[in-house]
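Visitor: This structure is in structure tokens; I'll ask about it shortly.
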Amino acid sequence: MADRSRGFMRDEFVTYAYILLYIALSSGQIFFNKWVLSSKEINFPYPLGLTLLHMIFSSVLCFLLTRVLKVVKVEEGMTLEIYVTSVIPIGAMFAMTLWLGNTAYLYISVAFAQMLKAIMPVAVFILGVAAGLEIMSCRMLLIMSIISFGVLVASYGELNINWIGVVYQMGGVVGEALRLIFMEILVKRKGIKLNPISLMYYVSPCSAICLFVPWIFLEKTKMDGNGPWNFHVVVLTLNSLCTFALNLSVFLVISHTSALTIRVAGVVKDWVVVLVSALLFADTKLTVINLCGYAIAIAGVAAYNNHKLKKEASRVTSETPGDAEAIPLVSQANTER
């Protein structure tokens with residue numbers, strides 16, 4: 001009995017450790033990206049270049065883990081037709097999301113960017129209805145209205161609003177919503193279920209190519225114009241490693257808990273980012289209106305998550321436990337922003 005009790009306590013400790021690791025890595029990566037892009041010491045104001053570096057680093061590490069060291073097994077079932085019709089669009093939207101989201105940090109504060117991201121469920125739902133994946137209902141309309149109202153209130157309370165940054169951030173939101181829609185299609189209609197490592201194995205190279213083309217035309221000339229490339233290799237490598245570790249932490253949390261836990265942890269992370277950024281960055285000035293609006297939006301997001309989880313639970317009851325776990329895994333891979 002004592003051994004069973006100790007085993008239970010040990011499992012609980014490991015679970016909480018993984019949750020804290022996810023929250024720390026997720027919020028820390030946002031701060032890390034902001035610092036790299038805006039710091040005069042690092043002098044790397046190239047969001048395209050930074051995101052491209054992340055994708056190249058992820059591609060190499062995923063290849064080493066799956067094909068060389070064989071620590072993680074790549075999920076089977078991928079075909080050329082599925083790769084062309086699903087993975088490439090997902091990779092393109094992933095690239096767009098990270099590129100635009102990181103660019104927004106050059107114009108708006110981390111806290112305000114996080115508040116604008118709360119509109120994500122609205123974008124996902126609207127696009128889901130258009131794609132035939134969601135059904136319009138009075139309840140969902142109310143939830144979307146609450147989220148939208150909260151984001152509007154938070155935006156109204158922003159003291160130093162920069163509309164260029166808002167456009168970039170909203171573009172990133174649309175890109176992420178499209179990525180999630182393509183993921184839903186990949187899972188529902190094509191039956192492919194991937195854990196984050198397998199997903200990044202397939203998606204990262206495609207995203208890197210999608211980022212490389214605009215980088216050549218938009219940032220390479222700027223980087224060349226500043227003289228010989230002299231980058232902080234250690235800092236940029238550590239930044240890329242943290243991005244990869246973040247995706248791995250999502251896998252660990254879900255494999256030891258559930259989709260509900262990762263979503264609750266995500267809400268906690270959002271508040272941590274908003275509040276801590278006010279202490280770390282001089283461009284973050286929170287107001288009461290900011291926080292009230294964000295609280296309203298988060299309440300709507302919580303209602304949306306609860307609604308989605310009930311739908312997922314009813315959908316997977318007829319599936320095996322292993323299959324049921326795979327569905328939420330794919331929707332959580334992008335958490336570095």
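Counting begins at 1 with the first residue displayed.
Glycine is no exception: its Cβ is also placed from the backbone N, Cα and C atoms.
Whatever TrEMBL says is automated annotation, not expert-curated.
Annotations for this protein, taken from TrEMBL, read as follows:
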{"type": "TRANSMEM", "residues": "12-32", "note": "transmembrane segment"}
{"type": "DOMAIN", "residues": "18-305", "note": "domain 'Sugar phosphate transporter'"}
{"type": "TRANSMEM", "residues": "44-68", "note": "transmembrane segment"}
{"type": "TRANSMEM", "residues": "80-100", "note": "transmembrane segment"}
{"type": "TRANSMEM", "residues": "106-133", "note": "transmembrane segment"}
{"type": "TRANSMEM", "residues": "140-157", "note": "transmembrane segment"}
{"type": "TRANSMEM", "residues": "163-187", "note": "transmembrane segment"}
{"type": "TRANSMEM", "residues": "199-217", "note": "transmembrane segment"}
{"type": "TRANSMEM", "residues": "229-253", "note": "transmembrane segment"}
{"type": "TRANSMEM", "residues": "260-282", "note": "transmembrane segment"}
{"type": "TRANSMEM", "residues": "288-305", "note": "transmembrane segment"}
Visitor: Thinking of Cβ pairs under 8 Å, which stretch from 12-32, 80-100, 199-217, 229-253, 260-282 has the most of them with the transmembrane segment (163-187)?
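Guide: Looking only at 12-32, 80-100, 199-217, 229-253, 260-282, the most contacts with the transmembrane segment (163-187) come from 80-100.
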Visitor: I'd like to know the mean pLDDT over the domain 'Sugar phosphate transporter' (18-305).
Guide: 87
Visitor: Hey, does the transmembrane segment (80-100) touch the transmembrane segment (44-68), meaning at least 3 C-beta pairs closer than 8 angstroms, sequence gap 6 or more?
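Guide: Yes, these stretches are in contact.
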Visitor: Please indicate, using numbers and ranges, the residues of the same chain that are 6 or more beyond the transmembrane segment (199-217) and have a C-beta under 8 Å from a C-beta there.
Guide: 48-49, 51-52, 55-56, 58-59, 62-63, 66, 74, 78, 83, 87-88, 90-92, 94-96, 98-99, 244, 247, 329-330, 333
Visitor: In the same chain, which residue numbers or ranges, 6 or more beyond the ends of the transmembrane segment (80-100), come under 8 angstroms Cβ to Cβ?
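Guide: Sequence-remote neighbours of the transmembrane segment (80-100) are 47-48, 51, 54-55, 168-169, 171-172, 175-176, 178-179, 182-183, 185-186, 190, 192, 202-211, 214, 334, 336-337.
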Visitor: Using a Cβ distance cut-off of under 8 Å, indicate which of 106-133, 140-157, 229-253, 260-282, 288-305 has the most pairs with the transmembrane segment (12-32).
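Guide: Of the candidates 106-133, 140-157, 229-253, 260-282, 288-305, 229-253 scores highest.
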Visitor: What same-chain residues lie close to the transmembrane segment (106-133): Cβ under 8 Å, and 6 or more beyond its ends?
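Guide: Counting only partners 6 or more residues beyond its ends, the transmembrane segment (106-133) has Cβ contacts under 8 Å with 30-31, 34, 37-38, 45, 47, 140, 143-144, 147-148, 150-151, 154-155, 158, 160-162, 164-166, 168-170, 173-174, 176-178, 180-181, 184-185, 188, 270, 273-275, 277-278, 281, 283-286, 290, 293-294, 297-298, 300-301, 304, 337.
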